[in-house]
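To keep things clear, I will list the structure first and then write my remarks on it.
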Amino acid sequence: MSPDRRDEPSSPPTASSSSTSSLNDEKALDRYTTVRKESTPSTPPLEISEKVHDANAAQQAYKAPDSTNLQLLDGIPPLAERSSGAPGSTFGKALLKLVGVRRKDGQPHDLDSIATQPSVFDTAQKEHYMPKASYEGYKAFDPLFRWTWRQENTAIRIVDWKIFLWVLIMFLALDIDRANLANATADNFLKDLKLTQADYNLGNTLFRVGFLCAELPSQLISKRLGPDVWIPTQIIIFSVIASSQFWLSGRSSFLATRFLISFFQGGFIPDCILYLSYYYTKTELPVRLGFFWVANYLANLITGFLAVGLLQMRGVGGRAGWRYMFLIEGLLTLTVGVASFFMMPSSASATKTWYRPKGYFNDDQVKILVNRALRDDPTKSSMHNRQALPVKTIFRCLGDYDMYPLYFIGLMFGIGGYPVQQYFQLSMRQLGFNTIQSNLLSIPNTVWSIINLLGITILSELVDSRTFVAMAENLWMLPNYIALLALPNSALTPWTYFGIATVLLAFPYVHAIQVAWTSRNSGSVENRTVSASAYNMMVQVSAIIGANLYQASDSPRYKHANSAIVAIIVFNVAILYPSTRWYYRWRNAKRAAEWDVMTSDEKSGYLETTGDKGNKRLDFRFAY
């Protein structure tokens, strides 16, 4: 909320922190009704349908953005006239404005009108969605609380700059320590350590295996300790190991550090995604994650430029330049890890501490963030953010067959991106370019990738279809691999290969869209914790496959490997993505056929007695 509140509509009376379920407090509702009569709100109340009544209250039919039908109660405080739009994020809207494109629903809001979106907390079934007392934001929750677009925009802007920006910096640190190996290969790294191509492949495989082994355990530790404690700890540990690569002596130490770095990086990305999901709605998260993965490309740019300078230290103290590169970049990321202990609050309602006495948010902003998050997804309050997952729950979530299509996509979609990327600098050296040239030639595809990532973000704003947007990465790769197969040896000159590889590696990266898709379809905090790890584990398996496709026996054209990649891409585009879309549409239609015909009393009865949880409930709808 703005410090000067005279120009803003007064907030409705809210229940005290000891009685947050104020929707059941008739006196609180009566008091608010009196205030509303005395002061007309900026946004008129929703009209009441005369056609829909039951024994409890008059209701109005409302179709939520996820296609769920809500029957809103009469007499509740006013709600927003229209939705915030989907995805509707500040980042996405800024990108659309930059390219001069406007969504059909992109008309600007009256900043002083009500921004509170209709939700299950405005229905007769409200009591079945109320947060548990153990939820970290319990005291800030109030279903009667209303706020304006001006207030919401201010709160989200603080989240973007105070929370999200630092998450980007942490991810940048992780990517620096995992991306710099490719730069080292341009400085005779393999020759200095007497490593073969098979050893290099094995090191990359062990790197992915380390991620694979640590994904789920790391998520469980984070769920118990809290991301604000575990993520900084991870950064410090893997930074120390990354710095120790200065003293590599041969094959064994190379393989050991590859595994250990990734083992302590494992789970970092799902941890960050779960952490961000506490602050953003399901329509805002995908675009933020798009920018989250921009950090991945920025790391490639930064390490590329740093390598140009640091690798020139070869000979200082009789040491190779790549040794100084590992040491200096590891110490840099170690600094980020230490700072992260002080920069990451545990939740929106706990940003005040001895070194930050005023916190990031005022009391009204805390209420806005908590209430908008739960209105968007009531399951976010089902667990405390430091509550461990029971073993039985873990196995139940792993057995969630509705998530398997997304896991299979995670396994298959990215295979084509790994081989050329992994060998890019090494291939440039083998084609006759020197160390500096090999690293500089990796920069154009990185810059182009960032542009394409922003482009796919804009497309996701305009097209309400995760399936078709996510196919873009494979569609981009396909003609490039066909060119690598079809061109004769005489036509594949060093600069021709550089051009094809650059275009191929500039693919629009859709991983962010699919990660958010997985988070959205998980349906509960516990399932979101497990599914984020399971999806990322499939991505790591995909990377292991991709890291071993190019074998020395198939060089230099790698025709067998490239033919296999073309077959995989065609399968993904023609079968995997379309069938995933069909499956989720079928599941939604089947549930809607039951849920939408229920009366209000029948819905309440179902919610009170059902054993279904998360995405197995009849009122849950999958995104596709």
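In case you wondered, yes, glycine gets a Cβ from its N, Cα and C as well.
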- [ ] Among 155-175, 260-280, find the range that TrEMBL records as transmembrane segment.
- [x] 260-280
Open item on the list: Quick test of your reading of TrEMBL: among 200-216, 404-420, where does it put transmembrane segment?
Closed with: 404-420
TODO: Return the stretch with the most CB pairs under 8 A relative to the transmembrane segment (534-552), choosing among 229-248, 292-312, 404-420, 564-584.
DONE: 404-420
Task: Same-chain residues near the transmembrane segment (564-584), Cβ under 8 Å, at least 6 residues beyond its ends - done: 405-406, 408-409, 412-413, 415-416, 419, 465, 467-468, 470-471, 474-475, 477-478, 481-482, 485, 521, 549, 622-624
- [ ] Look over the recorded stretches 229-248, 324-344, 404-420, 440-459 and say which has the most C-beta pairs under 8 A to the transmembrane segment (495-513).
- [x] 440-459
- [ ] Determine which residues of the chain contact the transmembrane segment (260-280) at the Cβ level, with the cut-off under 8 Å and only residues 6 or more beyond its ends counted.
- [x] 89, 159, 163-164, 167, 170-171, 174, 177-178, 206-219, 221-223, 227-228, 230-231, 234-235, 237-238, 241-242, 288-289, 292, 344, 347-348, 369, 373, 380, 385, 515-516, 519, 528-529, 532-533, 535-536
Task: Non-local residues, at least 6 beyond the ends, that sit with Cβ under 8 Å of the transmembrane segment (292-312) - done: 167-169, 171-172, 175-176, 179-180, 183-184, 186-187, 272, 276, 321-322, 324-325, 328-329, 435-436, 439-440, 442-443, 446-447, 449-450, 453-454, 509, 511-512
